[in-house]
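According to TrEMBL, the feature active site, proton acceptor maps to His69. Per TrEMBL, the feature Ca(2+) 2 binding site maps to Thr195, Asp247, Thr249, Asp254. Positions annotated as disulfide bond by TrEMBL: Cys38-Cys117, Cys71-Cys76, Cys123-Cys318, Cys201-Cys233. Summarising the annotation, TrEMBL assigns signal peptide to 1-21.
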Amino acid sequence: MAAKNTNMLSLIFSFIILGLAHLNLVNTLSSKYYDQTCPNAESTITSVVKKAMLNDPTVPAALLRMHFHDCFIRGCDGSVLLNSTGKNKAEKDGPPNISLHAFYVIDNAKKAVEALCPKTVSCADILALAARDAVTLSGGPTWDVPKGRKDGRVSKATETRQLPAPTFNLSQLQQSFAQRGLSMDDLVALSGGHTLGFAHCSSFQNRIHNFSSKQSVDPTLESSFAASLKSVCPAKNTAKNAGANLDATPTTFDNRYYKLLLQGKSIFSSDQSLINSAKTKALVSKFASSQQEFQKAFVKSMIKMSSISGGQEVRLDCRAVN
């Protein structure tokens, strides 16, 4: 009993620390942070992202996902950008992050910004701005990104186990988001980021093969959609890059994701779980019927998530600590 109470106190203390860190950084971030020290930082980063998109249409989805994965581990501190070293396996080499790509875009943006304003703009801020640009340049909303994040010096692959998995149920998702000061409303709005991108078979095979002892396929999947997923991801799939787009317009930031969710055509079981409670289903329905309402909620939740506290320095190289 004593051990149980100790664990509970430890958990409560962790929540308090997270909350204080979150409030502390929200108070120090500012949309005008670089107005005097590097006024052209944002336009420079935008031009780098735009150029990369012209060469590779998957860049926006990659940058948005990279930012999520950064913020959910140790806060938005650019720790996902650090390379592994001989003594340490970094976040980017943790299982959930193996498929992250487009790190070169952040490198190119950092190089361009360093040429303008040396030792001024953090890699964490560059990633937050690039994620915003990824959304805007894909037809989504724009917003003023609060800036002033610092870069972290710690990055551990083992900590990527804390990332919400595509197999999570609603209570697991809710707990993961709550630990980071994010609400159920934030969960549903930020899940809309799945309007961009592609999923590999491994992330949804639990729904189309051996779903349960009684059913091979998840019964919440629409039957023809399930059949199409099974055709690209057979039980003994050997194609490394096989998978499916997250929605029918994978390079356009729209509300299609929510419409498909209501039709039983979502990719992940974590997505499907959003219609398993009255509150979250009402939000899904609201966003499915109004792109404007979705975008407004997404912007609010992105600002909240990207303000979770992080590091200590302004890195000179986004892949290595100073």
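Any Cβ shown, glycine's included, is placed from N, Cα and C.
All annotation found in TrEMBL is predicted automatically rather than curated by experts.
For Cys123 (disulfide bond), applying a Cβ distance below 8 Å and a minimum sequence separation of six or more within one chain yields Gly78, Leu81, Ile106, Lys110, Asp151, Arg315, Cys318.
Annotated pair the residue listed as 'active site, proton acceptor' and Thr249 (Ca(2+) 2 binding site), C-alpha to C-alpha distance, rounded: 23 Å. Neighbour list (Asp247 (Ca(2+) 2 binding site), Cβ cut-off 8 Å, at least 6 residues apart, same chain): His194, Thr195, Arg256, Tyr257, Leu260.
Its own atom aside, the Cβ of Cys233 (disulfide bond) has 22 Cβ atoms within 10 angstroms in the protein chains shown. When the disulfide-bonded residues Cys38, Cys71, Cys117, Cys201, Cys318 are scored by other C-beta atoms within 10 Å, Cys71 scores highest. Apart from Thr195, Asp247, Thr249, Asp254, the Ca(2+) 2 site neighbourhood in this chain, defined by C-beta within 8 angstroms of the site C-beta centre, holds Leu196, Leu246, Ala248, Pro250, Thr252, Phe253, Asn255, Arg256, Tyr257. Among the recorded positions listed here, namely Cys117, Cys233, Thr249, Asp254, Asp254 has its C-alpha nearest to that of Cys71 (disulfide bond). Around Cys76 (disulfide bond), a 10 Å sphere centred on its CB holds 31 further CB atoms from the protein chains shown.
Comparing Cys76 (disulfide bond) with Thr249 (Ca(2+) 2 binding site), their Cα atoms are 28 Å apart once rounded.
Here Cys117 (disulfide bond) is compared against the recorded positions Cys201, Cys233, Thr249, Asp254, and the shortest C-alpha distance is to Asp254.
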